[in-house]
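K.L.:
From TrEMBL, here are the annotated features:
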SIGNAL    1-25  signal peptide
DOMAIN    135-177  domain 'EGF-like'
DISULFID  167-176  disulfide bond
DOMAIN    289-330  domain 'EGF-like'
REGION    333-354  region 'Disordered'
COMPBIAS  335-344  compositional bias 'Low complexity'
COMPBIAS  345-354  compositional bias 'Pro residues'
């Protein structure tokens, strides 16, 4: 037996609401450690010109040791490392506070690079630049210039990844030394490979100009030894609709809408109309509104009726104080002492009212 529609809808909503939401990727241990070290280094910068803050700084530094390497300064730096809601950061500081204190008080001069000492050698959650994986192996192409300098090594600087190359745009190959389609080799030797973009008209090329193409891109054609743009707008069958005009661009074209007053056009604006839509006529080379109310043959035929011009048209309205009938505007009954005649001027209504 099929469940009722309402029950089926409730079941579907329950399933949808119960689906786990895609969580944002959790920071790796290496990234967490690096962020902590960056904040620690910033804390050192922020406290570089401070002192103990008492009334006799010279006595304090002589008696309590210099502020520059003091536990007071360390405490100020540590207190600024984590926000109150950053649980992971606070946990990391709490777990490794003793190591940070040891580095600050005893090891800083011997190991000035906190990241290398703390994240790489002590916690072993990161690798030196140019290496990857649990054993910090050299990336493809070597740790000095991973991926020939033309890509990023997967897992570079972390204990993760497989060391493979993810090439920058224009490069391909295991070591990112080969050029992709649309690029040519501007330099290639034992240590360096430089790929430069072809001219926009080339799909394949040997140099930077349109004459260096060995194959043209779509929308371009080979002519006199070079790739030249195909003017799609000049085709026998126009690529755009009747109420659009065609603009040629390099390797393609664009269809733009005609001016609203045009019935077909050759370009932008009311001056490029082939013909005008009803209610408009050509004046001084462009489509202008026809004032039907000023024509010799009046469009409003009922007695006492007023004519008001509108863009591309007109409206027929009875004056204020008159009521509409099929054949005429008839004066409505007025309160005693007031009189409105057909000759009484009536201000035109606003365009919003029309």
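Going from the start of the chain as shown, residues are counted 1 onward.
Including glycine, each Cβ sits where the backbone N, Cα and C put it.
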K.L.:
Just name the winner among 167, 176 (the disulfide-bonded residues) by count of other CB atoms within 10 A of its CB.
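P.N.:
Of the disulfide-bonded residues 167, 176, the highest Cβ count within 10 Å belongs to 176.
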K.L.:
Tell me, roughly as an integer, the mean pLDDT over the domain 'EGF-like' (135-177).
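P.N.:
When the pLDDT values over the domain 'EGF-like' (135-177) are averaged, the result is 95.
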K.L.:
Please count the residues of the domain 'EGF-like' (289-330) that DSSP assigns to helix (H, G, I), strand (E, B) and coil.
P.N.:
3 helix, 18 strand, 21 coil
